[in-house]
Amino acid sequence: MPVNVTPEQFVSTTFDYVVVGGGTAGLVVAARLTEDPNVTVGVIEAGEWEPDLPNINIPGELSFDLGLAYTAQHTPPKKRLTARHHVGLSGSIIANPKYDWSFLTVPQKGANGRQIYHPRGKVVGGSSAMNILIYDRASAREYDAIEALGNPGWNWNEFLKYFKKAETTLPPDPDVAAKHHLRDLDPRFHGDSGPLVKSYAAHYSIGTLHDPLLETFKNLDVPINYDANDGNKLGFTSTFTTVDSRTATRTGSGKSYLEPNAERKNLVVLTGATVSRVTFLKGSSPLKATGVEFLRGEKTYHVAVAKEVLLAAGTFQTPQILELSGIGNKDILSKHAIETLIDNPLFQRCDGALVVVWKCSANISQDHCWTYAIREIDPRHETFDGAQQPERVALAQELLCVLSAQEFLPFLSVICSLSKKGPLSSAPSVIFAFLNAKTFVSNGQVDQWKQEVQITASAVPKGLKKRFEKQIEWFANESSVEGELMLFAGFLPYAGIKPPSETAHYMTIVSTVMHPLSRGSVHIASADPTAPPAIDPNYLAHPQDLEMSLSLMKLALKVFETKPLANDVRELVAPSPKQAATDEGLIEHIKNSCSCVFHPVGTASMLPREDGGVVDPQLRVYGTANLRVVDASILPMQLSAHTQGTVYALAEKAADIIKGL
């Protein structure tokens with residue numbers, strides 16, 4: 001498998017398939033298509049291949065990077081690398097332009113005009129090389145809704161088939177299972193022979209806080225969910241991570257789908273190249289893609305394709321490439337002197353007050369945003385606060401015990417026991433509470449919000465109305481997940497806020513509305529393919545999103561105040577006690593602290609074209625003969641899940657569709 005090919009070598013081949021983006025989905029489909037030795041695939045990736053980088057391979061290294069991810073939101077791009085409030089063991093990939101696209105949104109009115117930072121992987125493996133490692137699934141009804149919106153074959157049973165095909169699930173360590181109340185895996189819901197290894201954490205980063213939290217949520221009538229991957233998401237649960245617990249290393253798409261196929265001569269990956277557009281046969285109808293144009297250094301190249309072009313550039317850059325290629329709303333394209341080849345003007349106009357509720361465009365983006373509640377806790381609980389303060393890095397190193405000296409960190413060989421069960425063998429958080437609406441709002445409020453959404457749904461275009469009607473169904477269903485609390489042992493900085501004490505220990509509860517009503521967009525801001533797109537998630541624009549965020553924040557504060565956890569908490573840090581005293585103060589805190597959760601979807605939705613769709617159920621872009629999209633941008637609705645598990649499954653299914661299976 002040639003990786004370090006030159007552009008000249010790459011374009012000398014006419015590939016059967018050209019995959020744009022060597023990220024989470026792109027490498028899956030490339031690996032599956034090249035299982036046939038007679039099929040050739042070329043992958044174009046803007047980042048580099050970094051198979052031995054500790055920042056990627058060590059799961060807990062992300063805990064050192066998280067502070068940078070969230071303090072970067074107000075830091076000028078040229079200064080971000082020096083704006084750290086933590087010290088990583090080996091530098092950082094977050095906000096490092098070599099590995100991270102470091103996108104900023106347009107100013108968000110719902111977030112007090114802030115530009116929200118969005119890290120996205122600029123490396124082979126994409127965001128699977130730098131995400132928070134959580135591997136979970138949404139509720140079964142949410143996948144069934146994708147089919148009900150006009151996509152035959154895209155339902156829970158089909159997704160489950162491909163979840164299992166993608167994964168090898170490792171059983172938990174017996175000691176971990178006993179300590180954290182894990183049960184034997186049900187083979188109906190977990191794969192055992194796929195490329196992607198997933199496991200329960202060998203070390204629970206929540207540490208000694210786990211049992212107090214479990215009992216606290218019991219006292220709040222939140223059930224324990226022993227496996228939130230079986231189609232029922234509700235409850236207090238431990239999530240899987242994309243970590244191989246045998247080696248304590250990350251298992252992204254590069255490690256799982258590319259490395260094992262290193263001997264394939266029919267799979268070629270070009271790195272360090274930026275795609276500028278897809279080219280088409282002039283006058284063809286439907287449009288026939290002839291290849292892909294890309295930049296490497298100061299030169300422009302063109303690679304030809306015999307069969308299909310597969311866009312897997314992600315939720316932000318797939319719509320950008322479509323528009324640069326002449327596919328999109330002609331009013332937007334004409335502003336940048338781009339010839340319109342396929343006009344997709346649906347939802348471009350909204351009337352009256354609805355304009356302030358969401359942005360109306362052919363690509364309708366959806367994203368989660370989370371907010372923070374932070375309290376000081378009893379210092380007997382070990383936390384990741386050591387990752388935020390330089391003087392405590394030595395302690396964190398002593399507790400590491402992740403990798404052997406022969407692998408990546410020889411300087412730790414003296415101070416590690418090599419048990420591969422230390423704090424940095426784990427994701428920053430693996431403990432979550434997934435909640436229905438009635439857990440954090442009153443029955444009357446549920447009914448009121450349902451009526452408000454019905455009013456909203458009655459005033460929007462047909463395709464959006466169908467999606468809002470699904471959200472109404474979920475909202476009123478007591479088994480539907482509408483809120484998430486992520487439980488983090490440590491102070492999780494946000495928007496430049498640092499811990500008030502360098503020696504204290506903290507706990508952060510991050511709250512997220514799972515099915516926001518606000519809608520945004522992603523469009524080109526320039527005809528220059530190296531310029532970032534205009535990303536507008538439109539966070540908290542719909543009044544109900546703000547109301548639900550307020551109610552979730554109140555629940556997070558209630559968790560701190562409920563025994564037995566209440567016995568271990570100290571001062572309230574965020575929101576401030578003054579803010580926590582009133583709804584107005586809490587709303588101000590929410591607007592000042594809301595951040596991205598790395599889950600954007602929907603900018604090239606799989607829907608009937610008359611409903612605002614960009615691709616059909618075969619993932620083919622409407623109006624084209626041989627251009628498909630294979631990434632999270634096809635998902636027509638936001639899910640109550642971290643997206644990577646779903647992306648692996650949809651990419652596995654896409655490969656079978658392309659193969660004609």
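Glycine is treated like the rest: Cβ placed from N, Cα and C.
So that you can see what the record holds, here are the features copied from TrEMBL:
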- His599: active site, proton donor (ACT_SITE)
- His642: active site, proton acceptor (ACT_SITE)
- Val123, Val275: FAD binding site (BINDING)
- 121-144: domain 'Glucose-methanol-choline oxidoreductase N-terminal' (DOMAIN)
- 314-328: domain 'Glucose-methanol-choline oxidoreductase N-terminal' (DOMAIN)
- Task: Quick one: give me the count of other CB atoms within 10 A of the CB of the residue listed as 'active site, proton acceptor'.
- Result: 24
- Item | Euclidean distance between Cα atoms of the residue listed as 'active site, proton donor' and Val275 (FAD binding site), Å | 23
- Query: Along the domain 'Glucose-methanol-choline oxidoreductase N-terminal' (121-144), what average pLDDT does this model show?
  - Reply: 95
- Quick tally, other C-beta within 10 angstroms, Val123, Val275; top of the binding-site residues is Val123
- Query: How does the domain 'Glucose-methanol-choline oxidoreductase N-terminal' (121-144) divide up by DSSP, counting helix, then strand, then coil residues?
  - Reply: 9 helix, 4 strand, 11 coil
- Query: Distance between Val123 (FAD binding site) and His599 (active site, proton donor) at the Cα atoms, whole Å?
  - Reply: 18
- Could you give the number of helix, strand and coil residues in the domain 'Glucose-methanol-choline oxidoreductase N-terminal' (314-328) as assigned by DSSP? 11 helix, 2 strand, 2 coil
- Query: DSSP three-state call for His599 (active site, proton donor): helix, strand or coil?
  - Reply: coil
- Rounded to a whole number, how many Å is the Cα of His642 (active site, proton acceptor) away from the Cα of His599 (active site, proton donor)? 7
